[in-house]
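K.L.:
This is the structure I want to talk about, given as structure tokens.
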Amino acid sequence: MWRISRRQLFWCKTLLHVAAALPLLWLFLAVNSDAAGGDPVQYIIHFLGKGALNLLLLTLLVSPMARWSKQGMLMQLRRPLGVWVFAYACLHLAAYFSLDLLFAWQLLLQEVVKRPYIVVGASAWLILLSLALTSFKAAQRRMGRHWQQLHYAVYPAVILVVVHYYWSVKSEIIEPSIYIMLALLLLSLRLKPLR
Amino acid sequence: MNRKFIKGILHRPRWELPQSEVTPEAVFRERRRITAMLGFGSIAASLPGYVQAGIFDLFGEPQALAPTRQLNFTVDQQYQTSETQTPYDKVIRHNNFYEFGTGKQDPFENAQKFKVDPWSLTIDGLVDKPLTLGYDDLYKLLPLEQRTYRLRCVEAWSMVIPWVGFPLAALLKKVGVSSKATHVAFETLFDPEQMPGQRNPLMGGGIHYPYVEGLRLDEATNELTFMAVGLYDKTLSPQSGAPIRLVVPWKYGFKSIKSVVRIRLVDKQPPSSWNQLVPHEYGFYANVNPQVDHPRWSQASERRIAEGGLFNAKRIPTLPFNGYAEQVAAMYQGMDLRKFF
């Protein structure tokens, strides 16, 4: 049977990095050329948040795809994808703190404690942080089986992220509802081996 | 065909063209448009390359803005502020007008073809003389004045905007309010053909259209309550609520209903769209109040959108009644504003 070669995997990864970086370049150009509105703050924050969510769902799609296509090598795409999720999530947070709150530390601390949708988002970010910090090979080796246990936390993280999205909108709930269903679908694919 | 032999060579008459040179019929029919296009093409070709190429293509052609015209008005010195005004360019490109989409730049992108002339604004209900105003009447019925008000959005951003218009009280005086009236109900145009948010639930944000708002009669006749037909010194652009909108500067922006077609005097509290949709987040009163947070964000401070780039914005403390307590606080004496938010 045909298998993806190392070389092909290398190109897959390269393509992945380019594809994940391009939207950031697009965002930069759009904001710079005034195409993102008169006050693009909300646009930037939503763009980065949704970018993180899209990449997170893509990360969860890797192992079902690898299993379905019987291409085990594809599993190696999870690390670069996961790191990109974390990068987008950090930029999302940074944009909220710098552009919306305008570096008001006190307000940030108050909001993180008081607002349920920000609590939920911040918890998801903390999970992603712990996964990103332990994403290196060395960490994987040192942690042994605990590494896998920790990285199962991506499942609650995706739930937190879609709830955060649903909760953050004023009334336009159709799109976040679709994301919730996609997340549940991807998680349900994982239930099968447990049966 | 008219052909003749000269020295064994087939000669064509001078007027006969080879088939390849005949103008196709489609081109002939379109000749005027094509000539016009070529004209624009040569203008475009004369521009330096960097203007045409690159990122400009990425975000599509800059579109033609809906026409606006200069208005004649007096500047009302009593209602001005020393605060920096939000540049016109930002006022017309950062809007909440869900009829044209929920994104902040959507109304700018989707509203430019909105037709405001002819227009019909009806003032009826519990009044002595119901009145229907056409487009031209909006600018002629009452003397126009300019007032600069702070606009505080419930989403915790704010602007400083010079409006042109007249006090709602002056309009209500024209129709004569019946003594039975206690409230005023407002309604935005319902026209799904022109307003994509009204026909497409993905764009309309779940609001039940037409958008409706309401005020207590004393709020409606307060000196600050204003009907705007202009922004800066021009008629309103569609995304700002053309041709006529309400401006209630001590309340969150969603109370200031846009593109109004009906003002009705009634004897009970009328429904208001956001309150109907999410009653625990948006009250009927919606007075700007730094003490009462929106359940999902703080109202204690606001991001003021003024001149300059992204990092030039400032976060400033929000004032009770958006800084208009002197003119309006008396109306709410004895009311628990945490309960009636």
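One is the number of the first residue shown, and numbering goes on along the chain from there.
Every residue, even glycine, has its Cβ placed from backbone N, Cα and C.
All annotation found in TrEMBL is predicted automatically rather than curated by experts.
Feature list, courtesy of TrEMBL:
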BINDING   B:ASN95, B:TYR98, B:GLU99, B:CYS153, B:THR188, B:ARG245, B:SER256, B:ILE257, B:LYS258  Mo-molybdopterin binding site
DOMAIN    B:113-274  domain 'Oxidoreductase molybdopterin-binding'
K.L.:
Mind looking up the mean pLDDT for the domain 'Oxidoreductase molybdopterin-binding' (B:113-274) in the predicted model?
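P.N.:
On average, pLDDT over the domain 'Oxidoreductase molybdopterin-binding' (B:113-274) sits at 97.
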K.L.:
If H, G and I count as helix, E and B as strand, and all else as coil, what does DSSP give for B:THR188 (Mo-molybdopterin binding site)?
P.N.:
strand
K.L.:
May I ask which residues of the same chain, at least 6 positions away in sequence, place their Cβ under 8 angstroms from the Cβ of B:LYS258 (Mo-molybdopterin binding site)?
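P.N.:
Same-chain residues close to B:LYS258 (Mo-molybdopterin binding site) (Cβ under 8 Å, separated by 6 or more) are B:PHE97, B:THR188, B:TYR211, B:SER240, B:GLY241, B:ARG245, B:LEU246.
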K.L.:
Compare all C-alpha positions of B:ASN95, B:TYR98, B:GLU99, B:CYS153, B:THR188, B:ARG245, B:SER256, B:ILE257, B:LYS258, the record's Mo-molybdopterin binders, and send over the largest distance in angstrom.
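P.N.:
The widest Cα-Cα gap among those binding residues is 19 Å.
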K.L.:
Same chain only, sequence gap of 6 or more: which residues have a CB within under 8 Å of the CB of B:ASN95 (Mo-molybdopterin binding site)?
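P.N.:
Listed in sequence order, they are B:LYS104, B:PRO107, B:PHE108, B:GLN239, B:SER240.
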K.L.:
To see if you understand the setup: which same-chain residues, six or more apart in sequence, place their Cβ under 8 Å from that of B:SER256 (Mo-molybdopterin binding site)?
P.N.:
B:LEU151, B:GLU213, B:GLY241, B:ARG245, B:LEU246, B:VAL247, B:VAL248
K.L.:
Report, as a single number, how many Cβ atoms besides its own are within 10 Å of the Cβ of B:GLU99 (Mo-molybdopterin binding site).
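P.N.:
Result for B:GLU99 (Mo-molybdopterin binding site): 31 neighbouring Cβ atoms inside 10 Å.
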